[in-house]
Ligand SMILES: Nc1ncnc2c1ncn2[C@@H]1O[C@H](COP(=O)(O)OP(=O)(O)OP(=O)(O)O)[C@@H](O)[C@H]1O
């Protein structure tokens, strides 16, 4: 299988990089990815490709493998799968599927296991990212590539909006960011629709694994994917692409707010271990609330229980002109004086 695939890919590669979008779904996908992330930027350094076995990351792997082969780069592609120790035999089958796919593509394969079982999605993701970062360091890889698509970003936007996030929750996932020192996390498929990926895989006759949880509508994210978005798109064709553009614009707005928040902190805030002291000074509400979130993170104060109304209370304290005293979640005491507001966290979480 490896030889046949290699022949097919190099034959396809001859037509890649041409300006006109190909009608061949796989070549079209390769063109789009090469446009988003030109192989000359990554083919000479090593990349870890995070493959769950799902359609998106399988399409990512097939595409990067084809482009890498065409570019004849000096770097290596390493296929990495993380086994969460959840979902029993189905998870074993995912790992075996990815191992076999890597072997077919004649690529190196690394398998990691979660040290403990955790059901929480965010904790699972943290463990996975930690493993990916460790592997990238160990293998000397410059990039870790993930298979997130435009659909993932739009689903996140809807999810965050309905949970009442602030403006920071509308910025979506970035195309790239630092994962750990010297390793960049890349999302080469972030501007692409999922259906284009599955069309490419069908055309290649490349199977993928259906995640059992993807089929269960009790996870809210999957309800958004399978129920809500199709309903929205039945009335607003192209709604996903439009929402994706909104995400990009919102990310630009957040850059401005972030810069203003940085200046406001510099001008009005003094911090010490366990305390944030804010001299009263007018600034736009969005800037102050964003600055407070940044300050909470700098202090490593928990903000899981800080709802929008708590941030608003903190904002009102900073803008108040009378003495006051109250508590915020996470053991943060707020003391308002005439000139300044002090946020102090003395007790352990
Ligand atoms: N168990 C895993 N091992 C390695 N990489 C993973 C794993 N789970 C997710 N990823 C990476 O993170 C990306 C996003 O994960 P997410 O859970 O949203 O995707 P998925 O629905 O499981 O799979 P896919 O995106 O491959 O269809 C995947 O595209 C893949 O690159």
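Cβ coordinates are placed from backbone N, Cα and C, and glycine is handled just like the others.
Here TrEMBL flags 52, 53, 54, 55, 56, 57 as ATP binding site. Annotation note: residue 53 (ATP binding site) sits in a coil segment as assigned by DSSP. Within its own chain, residue 53 (ATP binding site) has 81, 94, 95, 97, 98, 101, 208, 209, 211 as residues 6 or more apart in sequence whose C-beta sits under 8 angstroms from its own.
Taken from TrEMBL, the feature domain 'tRNA(Ile)-lysidine/2-thiocytidine synthase N-terminal' covers 47-227.
Look at TrEMBL and you will find 1-20 tagged as region 'Disordered'.
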By the 10 Å Cβ-neighbour count, the most surrounded of the binding-site residues 52, 57 is 57
Counting across all protein chains shown, how many other Cβ atoms sit within 10 Å of the Cβ of residue 54 (ATP binding site)?
19
Cβ-centroid neighbourhood (8 Å) of the ATP site, 52, 53, 54, 55, 56, 57 excluded:
51, 58, 59, 60, 147, 208, 209, 211
